[in-house]
Amino acid sequence: MVKLVFARHGESEWNKANLFTGWADVDLSEEGTQQAIDAGKLIKEADIKFDLAFTSVLTRAIKTTNLALEYSDQLWVPVEKSWRLNERHYGGLTGKNKAEAAEKFGDEQVHIWRRSYDVLPPAMAKDDPYSAHTDRRYANLDDTVIPDAENLKVTLERALPYWEDKIAPALKDGKNVFVGAHGNSIRALVKHIKQLSDDDIMGVEIPNFPPLVFEFDENLNVTAEYYLGK
């Protein structure tokens with residue numbers, strides 16, 4: 001029986017300020033740092049031993065991964081970073097206050113942008129200060145691959161190859177895996193793992209804490225799903 005632990009990053013400074021974050025590289029808040037530490041402690045209490053870990057290329061997820069591994073006494077575990085585990089790209093909403101966006105565009109429209117499976121938010125301008133096109137961490141990517149906006153459908157389409165190439169093979173090899181990622185990249189993978197419908201995934205929320213655990217048999221059928229400490 002192998003285990004996959006999903007840890008959404010702890011609260012970020014922009015979570016705290018109620019801003020759309022997406023691919024903007026925002027740090028953890030003080031509360032978020034503590035959540036990551038507490039995640040590690042829960043993992044240690046549950047005696048889950050990892051063989052490898054995966055995270056995005058965004059600071060808040062990287063720090064959460066490192067802290068969770070450190071406080072579960074597993075900081076030595078190999079960690080691979082990939083842009084494919086990044087948060088969903090919120091396009092032109094990035095950096096905007098969620099309440100102010102609702103006032104400007106209407107509650108219903110903002111809700112559709114946030115929760116629908118296949119509706120895109122407004123695209124980010126190429127010269128936007130938060131544009132990934134000029135960010136060095138994406139220098140090895142073809143410019144056409146870098147998104148200017150994503151919905152959950154597109155997020156799953158770019159995360160799924162990483163699942164199939166890296167994460168699923170590790171689980172099939174009997175390895176326990178830690179994934180430190182983001183609310184929507186985790187939601188996308190949960191949709192695939194549980195084969196949820198487009199409508200059902202709309203009601204799924206991934207909290208900053210505690211970590212979500214899946215247990216699988218040798219054929220990657222889910223045998224258990226639970227949040228640590230609950």
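Glycine is no exception: its Cβ is also placed from the backbone N, Cα and C atoms.
Look at Swiss-Prot and you will find 8-15, 21-22, Arg60, 87-90, Lys98, 114-115, 183-184 tagged as substrate binding site, backed by sequence analysis. The DSSP secondary structure for Gly183 (substrate binding site) is helix. There are 18 other CB atoms within 10 A of the CB of Gly183 (substrate binding site), with all protein chains counted.
Same-chain residues at least 6 positions away in sequence with a Cβ under 8 Å from that of His9 (active site, tele-phosphohistidine intermediate) are, in sequence order, Leu28, Gly32, Ala36, Leu58, Arg60, Ala61, Lys63, Thr64, Gly180, Ala181, His182, Asn208. The feature active site, tele-phosphohistidine intermediate is assigned by Swiss-Prot to His9, with sequence analysis given as support.
Swiss-Prot lists Glu87 with the feature active site, proton donor/acceptor, giving sequence analysis as the kind of evidence. Shown in sequence order, Thr21, Gly22, Trp23, Ser56, Leu58, Ala181, His182, Gly183, Asn184, Ser185 are the residues of the chain, 6+ apart in sequence, with a C-beta less than 8 angstroms from the C-beta of Glu87 (active site, proton donor/acceptor).
Per Swiss-Prot, site 'Transition state stabilizer' is recorded for His182, and the stated evidence type is sequence analysis. The number of other CB atoms found within 10 A of the CB of His182 (site 'Transition state stabilizer'), across every protein chain shown, is 26.
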When the binding-site residues Arg8, Lys98 are compared by other Cβ atoms within 10 Å, fewest goes to Lys98
Could you find out if DSSP has Arg8 (substrate binding site) as helix, strand or coil? strand
CB neighbours of Trp14 (substrate binding site) within 10 A? 19
Below 8 Å Cβ to Cβ and six or more residues apart, same chain only. Which residues does that give for Arg88 (substrate binding site)? Gly22, Glu150, Asn151, Leu152, Val154, Thr155, His182, Asn184, Ser185, Ala188
Counting every protein chain present, what is the number of Cβ atoms, excluding its own, within 10 Å of the Cβ of Gly22 (substrate binding site)? 26
